[in-house]
Amino acid sequence: MEKSAELDDADGDGLADAGEEITYSFAVTNTGNVTLTGIGVDDAMVGDVTCAATELAPTEQTTCTADEPYVTTQADVDSGSVDNSATASGTPPGEDTDPVVSDPATTSTPTPAPAPAVTVVKVAELVDEDDDGLADAGEQIIYSFTVTNTGNQTLTEVTVVDPKVEGLTCESATLALGEETTCSAAPYEVTADDVTAGEVANTATATAQPPGEGTPPVEAPEGPVSREPTDLGGRPAPPTSIPTGQAPVRLVLPLGALVIALGAGVLGLSLRRRRPDHG
């Protein structure tokens, strides 16, 4: 038996993207010296297969086609190809004769190359006890992270590590395409050292595991938490950290976006001031 796969390539890239359809057909030939009946094809991936003829004399051939096209799944993309195998069978004459089964016929339709990627938005919320817009010793900063899967593979073991905070956890450790999860930590208390430094500097790393045995995780390298604010004209201004009460540091509101693609990332941070409820 010979098997063929025809891809309905919606985007014309020659690759089986999630949601695209593959139609399988089979050429079954009687290579023996007796007539075969009950010709059929067994393909677990596509289900029912219909053959133009179910009886073949020696050397005769028939074409069989899957009743429904196969729809490429995200799991196929994660694995790197759509692999399929099928066998043909027919029954020779004679009472209680067992069917003869062909060798497996296989096809492999490539999917897009792996491109795991995530975006992370980090937010710092200052609990501003004295309402001065500065992080004073003893005040708290609440950090949170929103991690989104922007690549073309499912990601597992999604984590964010920030050595400045404790108890950092994410709501979900697995992200399908386009999904996001929120990660939060215990509040950070501003120290006298932060005030002496004039700012609350922070670093963080993020990791996620793409599919595939032995595939290394993608990791965002550590770096200073920075933000890329813009002025009214839309031009980027110099990055800043959270100012403390030590020196007059101008605070510029940020865009707050971080992009991590295959382990390369830039953290985005925005600062909101929350006034305590004094009753």
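Including glycine, each Cβ sits where the backbone N, Cα and C put it.
The feature domain 'DUF7507' is assigned by TrEMBL to 10-96, 115-213. Feature annotation from TrEMBL assigns region 'Disordered' to 74-114, 205-246. Residues annotated as compositional bias 'Polar residues' in TrEMBL: 74-90. Residues or ranges marked as transmembrane segment by TrEMBL: 251-271.
Sequence-distant contacts of the compositional bias 'Polar residues' (74-90), counting only residues of its own chain at least 6 positions beyond either end whose CB sits under 8 Å from a CB of the stretch, comprise 1, 3, 5, 16-18, 22, 24, 26, 28, 30, 36-43, 45-46, 49, 56, 64, 99-112, 114, 152-154, 176-177, 210-212. The DSSP breakdown of the compositional bias 'Polar residues' (74-90), given as helix, strand and coil counts, is 6 helix, 10 strand, 1 coil. In terms of DSSP helix, strand and coil, the domain 'DUF7507' (115-213) has 6 helix, 47 strand, 46 coil. Per-residue confidence over the domain 'DUF7507' (10-96) averages out at a pLDDT of 96.
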